[in-house]
């Protein structure tokens, strides 16, 4: 057997309150580049269904990534002060160089026009930035003149090279290069300077800040030309988090905490267009625009909620959706049509992906206020179990009906094809059918649960390592068997489609498979995970099972030949949270990296 990656469905950028989030684009303006946890994404703007590129080799959360002007390399930085330069050509993303820039978070970086030098800036203990050669890491100048963390940096693309940095000390510092040396301090702003950008033709650069002001400067001398925000009416009313130039260098776009993206004409000193994103989320703070890039003939802005807003030339707005935080355990399932994936994440988002990879959020109803702990497809929709102790139904891409409260904090959940939901909580078992809840107390502490497709059998795992098997009819729940072969808390359970086997995954990474006919242990060889089993699923034909683990690996197991398996190592950074089968030859996985990956399984004879 073997498994190959088919598609990668990316998460969206991670945002931080009251902080600019850096997003960028490739030189052709066809792809957007951003960071989420330890992963850097390069994602198509023109065709969201195209597989994205994900780079997950950082050991710390990433903060900014930018592609070189040649388009061959990407430089990405993290919270520990490291910059990694890696190859965009090919599938392996081979690292070119890694440089320790500062002892602290890097907030921004910039390439020079020759794709030879990089300046990275941030919040270090000994210095706030460094200029270095991308291939050797040798110094090509000094970043000095600031007394507080630097938020942004921009480099003039043509000779004579110039650079400018913007910081929390309310100042900009202008540099001559290369090598880059301090030239002068510019103190036009009265509050934090959030972002700075150089025009593609090098004639101007622009700065924006928390004082709602926009300044334009001469690109060669650093002299202030005009306060654009004072000349043009209808400017921002709050912090301006990001700015970027149009490809023709005649206009700029700004993104603000007031929920607006504004396009400014530099020569005419006026606002050309204003795009209002307020009211698009349930909370006003989610509509703040915290990042922006001008990519080709499109402007892409980032909402605090994580949504990427693609603003076309005529003003039409398309959104790129994705999870912004880790997926919940067992929170990925395939819809009844066998093509659409439905998943939920720890930020309360529930998303669906069509067969071509286009992502849409579930909308309407009350929505969710807490992390998603389970998503379970049924014949006519899906059920979502969340950490706010509730179960909600999804129908036709929207929340339907009122939420049903659980009796305690959910530990595990599942649903039958007909829509019977079982929730294992800290004080017992809830069975929800047709919007009505029946509670069954237990003399043990449940830790996981599953239900057969026809709702006739329910299995509940316990903290003490036992598995309790029940028969279910109407609201009656009768315990029939207790399996005692597991040695640690049972964290994942799955019935095979024929109801002949029950697989039980443990917190220690072991999986035991029980024969439901003889009520005995059948397979004890699935022991290669090294950490908690988060999810387990049998294939539709029952010949294989797939497991998701905190150890970052996915395993595909053969039922006929228990010693046969496929190991997909490092499938998801920080752990695999959920798996589900699309059909007998394809399955999907979701991880703590907010990514969904689909895999193609190639079976060999007898496996």
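Going from the start of the chain as shown, residues are counted 1 onward.
Glycine is treated like the rest: Cβ placed from N, Cα and C.
TrEMBL labels come from automatic prediction, so no person has curated them.
TrEMBL lists 442-551 with the feature domain 'DUF7165'. According to TrEMBL, the region 'Disordered' annotation covers 1-23. TrEMBL lists 55-96, 186-227, 233-274, 483-524, 529-560, 569-607 with the feature repeat 'WD'.
When Cβ-Cβ distances below 8 Å are used as the criterion, the repeat 'WD' (569-607) is approached by residues 1-12, 36-39, 54, 56, 322-334, 338-339, 341, 343, 345, 353, 531, 534-541, 543-544, 546-554, 556, 558, 560-561 of the same chain, each at least six residues removed from its ends.
Over the repeat 'WD' (569-607), the average per-residue pLDDT in this prediction is 91. Within the chain carrying the repeat 'WD' (233-274), a Cβ under 8 angstroms from the stretch's Cβ atoms is held by residues 18-22, 29, 192, 194-201, 203-204, 206-210, 212-214, 216, 226, 284, 287-294, 296-297, 299, 301-302, 309, 311, 315, all 6 or more beyond its ends. Residues of the domain 'DUF7165' (442-551) grouped by DSSP class, helix first, strand second and coil last, total 0 helix, 63 strand, 47 coil.
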